[in-house]
């Protein structure tokens with residue numbers, strides 16, 4: 001088993017996740033089995049209770065763990081299914097070590113960062129690699145080198161190379177090379193200092209991947225190679241591209257895949273990018289473009305909806321159209337902002353994603369009503385699904401006070417209510433209905449057709465509230481069709497039969513969308529928005 005450790009320097013947020021996922025794609029193109037681990041040095045046990053404005057999207061794995069959004073990149077680029085074990089946090093590591101100490105596993109030792117914390121980190125990485133049967137384990141360390149919270153993890157991977165052998169562990173350092181416009185020059189000094197910091201921790205990088213606004217010339221690459229002690233061919237240009245799915249191809253063209261295989265002694269096939277190139281080409285050569293209005297409360301940070309965005313791209317490539325996303329603030333709709341409403345009215349389709357909290361909810365409900373009344377293709381996900389029920393109960397059933405008890409505990413018509421098993425639950429972290437659950441699709445329904453007539457599909461969930469079963473019959477008597485349910489009778493999906501495309505899902509279909517296997521509800525939305533009919 002081989003390991004590739006990806007570290008970052010200079011600044012955070014320059015694309016370690018995409019770089020790691022792209023390395024995974026490069027190795028997968030050579031028919032190698034690859035898995036990935038994301039290390040987040042924060043003390044939170046998981047990402048589930050973190051503000052999306054700080055952290056971005058919470059990505060839910062098949063086994064129901066709330067993880068970092070980079071796991072979504074890994075799954076999409078590498079076409080693999082990962083578990084919650086693939087996201088390590090400081091909180092998880094300390095939790096494990098403290099549990100062992102309480103059990104007496106350390107036989108009276110003084111428990112310390114070295115060796116106990118570092119040993120646990122190494123053990124976790126090896127366990128994930130062994131369980132996956134991977135040829136190569138990618139390990140991405142979040143943050144930047146020098147961050148105090150990351151120190152135990154850098155020490156652990158240093159020890160990992162010492163124990164596994166240099167021939168089995170490779171370090172890739174992602175850095176930022178700024179371009180100063182006033183002198184027309186790319187500056188390498190931040191990279192030099194970043195690598196100096198990394199080497200002070202006992203880690204010599206084997207390759208430097210340089211994020212930059214424009215391509216690096218050969219002179220800059222040679223300068224970086226000289227000052228960071230890596231071969232010239234191991235200085236890789238990762239300049240800005242207009243589509244993240246081009247990044248593996250950009251790295252491959254510079255020989256990075258061959259360099260990794262040579263460095264680790266991997267016996268790999270010639271790379272095959274035919275499917276990947278076809279996907280990228282379909283995006284680039286799309287004749288038409290449609291516009292989808294995504295109505296949410298975190299739209300100032302599109303990373304909060306990154307799986308939504310990518311699922312729209314996947315579906316667009318499948319249908320053969322480009323997808324332009326208009327990010328619409330639901331609070332602005334609520335306030336009657338004319339520009340925000342113009343974005344909705346100019347769109348070919350509307351999507352209301354999941355979310356939490358009362359802020360902006362009425363704006364989302366108004367967006368649902370607009371799409372329903374004006375025959376605009378619509379997809380509601382999780383909270384978006386629940387708000388369809390609220391809007392329908394108010395507008396069609398005449399239950400003016402109808403609401404979710406999440407937002408109005410005293411409503412006379414709780415058409416959306418807390419899941420029975422959630423009553424009495426006090427802890428917030430990891431206690432929702434999470435992960436993959438079976439959904440039974442009704443025969444003859446639009447959703448069943450979109451899912452290739454499969455009766456049961458497995459989709460991922462993240463919610464505490466559900467459609468109140470007491471109102472289901474009345475809603476259906478007034479034309480709303482619940483076309484998907486759980487085996488024990490919970491409402492999982494809905495549609496309006498006489499609408500061009502009006503679908504809601506309690507589950508999150510975006511989490512399982514892949515470039516070569518787009519999510520069916522998203523494909524239906526894009527087809528309808530493009531005027532092709534949903535199925």
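Glycine residues also receive a Cβ, built from the backbone N, Cα and C atoms like all the rest.
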Binding-site annotation, Swiss-Prot, L-glutamine: partner of 383, 384, 385, 386, 406, 464 in 355, 357, 489: 355
Further binder of ATP named by Swiss-Prot next to 13, 14, 15, 16, 17, 18, taken from the candidates 46, 63, 68, 70: 70
Given Swiss-Prot lists 12, 187, 188, 189, 190, 191, 192 for UTP, the same-site residue among 38, 221, 223: 223
Taking residues 355, 383, 384, 385, 386, 406, 464, which bind L-glutamine in the record, the widest Cα spacing (Å, whole number): 14
Residue among recorded positions 70, 140, 406, 510 with least C-beta crowding, 10 angstrom cut-off: 406
Candidates 192, 355, 383 (binding-site residues) - the one closest to residue 70 (Mg(2+) binding site) by CA: 355
Averaged pLDDT, computed only over the residues in the domain 'Glutamine amidotransferase type-1' (291-535): 95
Neighbourhood of residue 385 (L-glutamine binding site), C-beta criterion under 8 angstroms, separation at least six: 467, 493, 494, 504, 505, 506
Additional residues around L-glutamine, ordered along the sequence, whose Cβ is within 8 Å of the centroid of 355, 383, 384, 385, 386, 406, 464: 354, 356, 382, 387, 404, 416, 463, 465
Other C-beta atoms that fall within 10 angstroms of the C-beta of residue 148 (CTP binding site): 8
